[in-house]
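Asks: Before we start, here is the structure in question, set down as structure tokens.
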Amino acid sequence: MKITEHYLKSNYYLITIYVMAFFAFISTGPFQIVNQYIFVSFLLILSVLLISFKNTIYTIPVIFALMYSYNQLNPNSNMIDGFNFIYLIPAFLFTSIIIHLIRFKPTFKMGVLTKPYLWIAIAYIASIFYVDITITYIQLSFMGFIYLLLYQFYLQTSHTDESYLVRILFFASLLLVLEFTYSIAFGFFTENTSLSLINRVLIGMEESWYREDYGFGNINDVAIHLTLLISAQFYYVLKYPKQILYWIVPLFSGFVILLTASRGGYIGILTAYIIFIPYMIKNTTKIGKKNALYVLLLVCSALIVLNPLMKIAFNLAIQGGFDNLDNFTSDRTILYKNALTVFKKYPVFGGGWEAMVDRVNPDRIQVFHSTIFQTLAVMGIFGLISLIYYFVQTFKYLFKNRSLIKDMLLIGIIASQVVGLVDNTMYMLLYTIATLILFSLLENNEEKQ
């Protein structure tokens, strides 16, 4: 068992898991069966680890791999109402967790987010007394309590050190960069190959490289996850300032997001850089500042060489200019008006998760593409108060007893939540799972120190 645990703590284990996740992600069309085989393999590995080890930290890479390898396109409410392959995840997870709890009997403890997320969980379902109850409504509304239970489970059962925690996040961020890079390269080399280079890039960026849907999220969702996880890349820049490779990685991540033409990604990565750069200048070593200068020269040179690309990215970012707000915001102003209409009808607890169906796809619930407007429409004033309480506790914890890992995660959380002002960051399924698990690990790491 010690030999096995030694392997689970190694980079070999992390690389193996994330390489499997990458191959699962790119296995589409006639190779979709490969995705499913790897998916089942992950579920089996997850169950074995939960049942066999008291310390559940070794399951975290598998969870990230599961999240970022799911590639079934166009998810909708029909997938929730009927049986779907994705139901294997909670089935395996729930059964294994029960066995783990019976076998190891962990001690309950309160975490930083226990009370705030209890409030949010109640807000998720508080509209149950006056809205139409459907299977989809029940499943979505109880997700708040499922999130809370998942957070509590890992808070009580996971034990890690800072090095392993950052390595998990760092390799997960590389997985997302690889998935973006593969999708961009695939689109570039298979579509419109008769056009000139600049036109292939222009059309590719306009069309999200012909793959806006990544399965586990659209292109903006994936960019939000990378914005959150880039905090681990920043960590290595400051932890090992002599290693120039660690300086290149976040630059390449930013370049990949630039190519995606994800406007949410642009907002998130720019926010992260704007916060990180002055922090880095203040806290890095002399060698670090020297490397920073080299990186600055590299960036300036790249901006000159890639000037046509920058013009394309800028034009796509402003999307026709500010004269037509509906066009500039991708009809978000209409969504916000609809959210306020729902809120006025149900001001206290909101209209619930099925308050509106999607304007384009009736099989999907309406997402209002703003954390604030989503909260008001779905959970009302009570939800907004719960959300404020959550953020107050989150930032209070991150600013207390500051450390490098906490400061870097703070950058990732701020940057990704800034995107939430114009997108639905806070209530994204995978983003919520990722942040709650991160907090449970961070709290246990700090407690260990």
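Here the Cβ of each residue, glycine as well, is placed from N, Cα and C on the backbone.
The transmembrane segment feature in TrEMBL is assigned to 12-31, 37-70, 82-102, 122-152, 164-189, 219-237, 244-259, 265-281, 293-318, 372-392, 404-420, 426-442. Feature annotation from TrEMBL assigns domain 'O-antigen ligase-related' to 251-387.
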Asks: On the DSSP side of things, how many residues of the domain 'O-antigen ligase-related' (251-387) fall into helix, strand and coil, could you say?
Replies: 98 helix, 2 strand, 37 coil
Asks: Which bits of the chain, at least 6 residues beyond where the transmembrane segment (219-237) starts or stops, bring a Cβ under 8 A of a Cβ in it?
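Replies: Distal contacts: 68, 166-167, 169-170, 172-173, 176-177, 179-180, 208, 211-213, 243, 246-247, 249-250, 253, 257, 260, 262-265, 268-269, 271-272, 276, 280, 284, 288, 404-405, 408-413, 415-416, 419, 423, 425, 428, 430-431, 434-435.
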Asks: Counting a contact as 3 or more Cβ pairs under 8 Å, with residues at least 6 apart in sequence, do the transmembrane segment (426-442) and the transmembrane segment (372-392) touch?
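Replies: Contact confirmed: at least 3 Cβ pairs fall under 8 Å.
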Asks: What stretch of 12-31, 37-70, 122-152, 404-420 shows the most Cβ pairs under 8 Å to the transmembrane segment (164-189)?
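Replies: Comparing 12-31, 37-70, 122-152, 404-420: 12-31 has the most Cβ pairs near the transmembrane segment (164-189).
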Asks: Which one of these stretches, 37-70, 122-152, 404-420, has the most C-beta pairs shorter than 8 Å to the transmembrane segment (12-31)?
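Replies: Looking at each of 37-70, 122-152, 404-420 in turn, the most contacts to the transmembrane segment (12-31) are made by 37-70.
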Asks: Over the domain 'O-antigen ligase-related' (251-387), what is the model's mean pLDDT?
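Replies: A mean pLDDT of 88 is what the model gives the domain 'O-antigen ligase-related' (251-387).
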